[in-house]
Amino acid sequence: MLRGQTLPWRAALQQVSRPFIPRPLLAPSRYNVTARSILNASRLHRSLPTSRAFSSSSIRRREKPPPGDEKDDPAQKEQKDANEEKDVERAPDARRKAADPSGKQGSSHEPGAPTSGFARRKEKAGADKEQRGLEEDSKKDGNAVEGKGNSSDTPSPIPVNGGSDSRPSGANNGGNEDGGKKGKKGSGEKALQKPSVPEVYPQVMAIPIAKRPLFPGFYKAITIRDPNVAAAIQDMMKRGQPYVGAFLFKDENADGDVIENLDDVYDVGVFAQITAAYPLRGEASGVTAVLYPHRRIKVSSLLPPSDAAKAGTTDEKTSERRGDVVASFEEGTAELAPKDHYEPTSFLRKYPVSLVNVENLAEEPYDKKSAIIRAVTSEIVNVCKEIASLNPLFRDQISAFYTDQFPGNLSDEPAKLADFAAAVSAGELNEMQEVLELMNIEERLPKALVVLKKELMNAQLQSKISKDVEAKIQKRQREYWLMEQMKGIKRELGIESDGKDKLVEKFKEKAEKLAMPDAVKKVFDEELNKLAHLEPAASEFNVTRNYLDWLTQIPWGQKSVENFGIQHAVKVLDEDHYGLKDVKDRILEFIAVGKLRGTVEGKILCLVGPPGVGKTSIGKSIARALNRQYYRFSVGGLTDVAEIKGHRRTYVGALPGRIIQALKKCQTENPLILIDEIDKIGRGHQGDPSSALLELLDPEQNSSFLDHYMDVPVDLSKVLFVCTANVTDTIPRPLLDRMELIELSGYVADEKMAIAQRYLAPAARELTGLKEVDVNLTEEAVEELIKSYCRESGVRNLKKQIEKVYRKAAYKIVRDLGEDVLAEEKALTDEGKAVQEESQKETESPDSKSPVDPEKSTTETPRVALKVPESVQLSIGKDSLTDYVGPPIFTADRLYDTFPPGVTMGLAWTSMGGAALYVESILENALTPQSRPGIDITGNLQNVMKESSQIAYSFAKSVMAKQFPENRFFEKAKLHMHCPEGAVPKDGPSAGITMATSLLSLALNHPLDPTIAMTGELTVTGKVLRIGGLREKTVAARRAGAKKIVFPADNMSDWLELPENIKEGIEGHAVGWYSEVFDLLFTDLDKGAANHVWQKQLAEKPEKKSNEVEEDE
């Protein structure tokens, strides 16, 4: 607008900016009630003097001015427009003054303020005239459009964005302005009245709420996210009609801002006033509205959002022509429509919101002096006091509620007290709604008391939990506080030196007791000097301290006194293990050499054998025999080199390797370190641990072993290393070359019997509580266990089976004795009874404030062992063994009593020891001159064994061609060779002579002796080569009923080393060539008959002549 230009006041009003005045909103507490501050702020806001601000609801639309304006003369209209323009210019400043919380008037330099005493007197006179005009108009009209008003304790509507103020409209205007009496004359404009809450509001916008209902007199902030509902609320605030109905969702998980169906909400809610509304942070359309409920209402009908929007489109033109009118703020005029057709929420029909027709609910009359009401009221007050003593927040809410709602006695307002009790409680949804719906005070008070009692229980539980937690941490905090005070006092008195100096002295004392080498001593002094100059808060301080701790933990120069007694060593080794002659002899040799030299050096031994033969346990026995400290660690599956040689000190949490840790634990330089499962060591991206063992297990290098963490040479030459492995194939060759191998073979039946009787059975009896009971496991039963249940090389499974037998026996004895032999209360010792009584007291004590100590609750109560009568006896024999361990797992190894042609018995070595391996050969098709030769091989044979079968087939054909040339069996025979137990993989070269013998037996049609077993590798020229596992194979042959065993001549030394108890009853035959095997197996063979055995089948049959007869001519 150009300077000096004047506009009509209606046009100027459109350009006036209408600032939004938000009210402060406190975060809603869990009780959903207002705090004292928000109530005081609302009262202060209502008491502030405010200037008049134009409301859009009090001005007619400019498209159709009221008839009063058309009758005014042009001069008067121009003067009035000028005055209204001034009023518009002052309105924003007046509103800013009204929002000022200080309540002071603006200074003289503010825009719109009077600049002289004359102007102020003129403004006052104008205000007086306007006030007198308003009083006269109200007397003439009699009935205003607004309602009759509510009690004085209800809050007045808050003017927002041009809403009406609570003061008269002409308070700060001049006498000639629009709000004065002169401007009122003949204008038809409606004067503004003091706002009040209408008692009758038949139609309101319904807002659904979740979780908790609203109660009259208690504020609650709600969040509106629906943009249409938010826009409708903003429009209501602008028009000065901030009234809504709040109704609770029946489903506590429901959400939304629009009611689609009346069945979704309860029909009883509250008529609430929006006291403040402001946009949500981070959202463009949502608002947060603060509601103040005034009274209870009930829904009579719902106008759904779709119908409301449709109705809004048809009534839009009518609303535009008629204008927007605030029923509770303005007086009616002659131009308005009849009162009975007027609806104050008609402007909301253009929004898709929920409109409901409601009716007020009035409380039923009650007698304040009723005994029931007084008693329940008194109980509610008492419960509130109890909750206030437990919850400080609740105490503040009670104080604010009492100050605002009860100027007099509490018993005078039982209805409000019941609403307060329900509003502050955290009850169930249906319980809270039931309190809201009850109009009978005598019924409402007990319901509210029940809800409040639940809140008291919650408060008591919270208080108890808080006290329990506080009791747990109070003692620790007190000790920490006292210790800190003590440290400070000692530091001030000089009694205690600095912790760093004390640490340095401790390291020096440790180092003086050790015989550190010069190189190590130098490093120690350097690190100790660095520690003395470091601050304790520095990160390097902890690293240096830990390093010095490890340096002083290694036993430099500390050795254990070794025992060189041969007899003592033999006694100790025989106590723990039966057999293992090779290992025991090697240890005795080690002791003898040390006794002759006066000192011993470290050795690296490697015990190789099947599982369960005692490799790991013999290491502990060796340490006890030599009086050395024992340390064991397994490298099976190890893939990190740092486990052997440690981590660099630069890493966080770095530690030395296992070897340095072993020295720290043993505290000697000459311990026995057992490295278990060395054949199963792994390899990963972090290095190859087997390569790291090369330095460790090399007698020439381990005198200066260098750990990555220690970074100083450590002497390991006096350490006795014992490694264990099942096989040597997976051990790297350089590492295997550094160790002295001692092979341990599996136990035979006699050795297992001795081990079971000497070690396993007594240990199992003690473990199962049968040490003092007469339970006898016969020798025949143990033999049956070994033969039919436990055929493995070791004795682990035998130990399990014997323990199983004794466990079954213990169960049988207790079951037969019955439960009355020793009563439960008599089974406890004196100590156990004391513990039981103490636990019962702690359990039954109602005043226990802390939970039971977990250590006491998990401690086993001492009990008296059951005394079995001496008359109880139990003998477990071979026949009754199945009752304890079930049916036998292994049957007899002997598959044939007599061998048919083509069947032979070989011998094999398995992880469970030796086993009989049968080879079967058959003729697939009948021999004819036209048949084609070939061989099929089955039995899950692996590569090496398949090659042996091919060699045996070729060698058998060679033997037949040389010794039986007329026997053309292999030229025409289609053969099938099979090894039984096809589910078991089979491999190895030692079945060569067995396969060749099977083929020759079939070709010669000659059965073999079933008491002869054989093993040996065969070459194509007939040479028999060396095999392994002769001990186990011999045991298997004896178990299968063999009387003779054929083995290679190169294994003669192994045969001679076998104990006599193994070779007893078996005749050994060493062979170097297969011809010796042939002569031994086919002694009674008729070579002439064998040469022609298949001649009939292979003979050419003569062709039949034709029946045609030649005729003579």
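Don't overthink the numbers, they just go from 1 along the chain as shown.
Glycine is treated like the rest: Cβ placed from N, Cα and C.
According to Swiss-Prot, the protein has these features:
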type	residues	note
TRANSIT	1-61	transit peptide
REGION	42-196	region 'Disordered'
COMPBIAS	64-99	compositional bias 'Basic and acidic residues'
COMPBIAS	124-143	compositional bias 'Basic and acidic residues'
COMPBIAS	178-192	compositional bias 'Basic and acidic residues'
DOMAIN	204-456	domain 'Lon N-terminal'
BINDING	Gly609, Pro610, Pro611, Gly612, Val613, Gly614, Lys615, Thr616	ATP binding site
COMPBIAS	828-858	compositional bias 'Basic and acidic residues'
REGION	828-864	region 'Disordered'
DOMAIN	898-1084	domain 'Lon proteolytic'
ACT_SITE	Ser990	active site
ACT_SITE	Lys1033	active site
* To do: For Lys1033 (active site), write down the residues of its own chain that are at least 6 apart in sequence and whose Cβ falls under 8 Å from its Cβ; none is a fine answer.
  => Leu907, Ala908, Trp909, Gly914, Ala1013, Thr1015, Ile1027, Ile1045, Phe1047
* **Cα-Cα distance linking Ser990 (active site) and Gly612 (ATP binding site), given in Å to the nearest integer** => 25
* Would you count the other CB atoms within 10 A of the CB of Pro611 (ATP binding site), including those on all shown protein chains? => 15
* Structure fact -> As a whole number of Å, the Cα atom of Thr616 (ATP binding site) is distant from the Cα atom of Ser990 (active site) by 30
* Asked: At the Cα level, what's the spacing in Å between Gly609 (ATP binding site) and Ser990 (active site), rounded?
  -> 20
* How does the model score the domain 'Lon N-terminal' (204-456) in terms of mean pLDDT? -> 75
* Taking only the Cα atoms, work out how far Pro610 (ATP binding site) lies from Ser990 (active site), in Å, as a whole number. => 19
* Within 8 Å of the Cβ centroid of the ATP site residues Gly609, Pro610, Pro611, Gly612, Val613, Gly614, Lys615, Thr616, which other residues of the same chain have their Cβ? -> Leu607, Thr724, Asn726, Leu744, Ser793, Gly794
* Report, as a single number, how many Cβ atoms besides its own are within 10 Å of the Cβ of Pro610 (ATP binding site). => 22
* Asked: Does DSSP give Gly614 (ATP binding site) helix, strand or coil?
  -> coil
* To do: Output, ordered by sequence, the same-chain residues six or more apart from Val613 (ATP binding site) with a CB under 8 Å from its CB, or 'none'.
  => Leu580, Leu744, Ser745, Gly746, Tyr747, Ser793, Gly794, Val795
* **Rounded distance in angstrom between the Cα atoms of Pro611 (ATP binding site) and Ser990 (active site)** => 22
* Asked: If one measures from the C-alpha of Gly614 (ATP binding site) to the C-alpha of Ser990 (active site), what distance in angstrom results, rounded to a whole number?
  -> 28
* To do: Calculate the distance in Å between the alpha carbons (Cα) of Ser990 (active site) and Lys615 (ATP binding site), and round it to a whole number.
  => 27
* **Spatial neighbours, same chain, of Lys615 (ATP binding site) - Cβ under 8 Å, 6+ residues apart** => Leu607, Gly609, Thr724, Leu744
* Structure fact -> Ser990 (active site) falls, by DSSP collapsed to helix, strand or coil, into coil
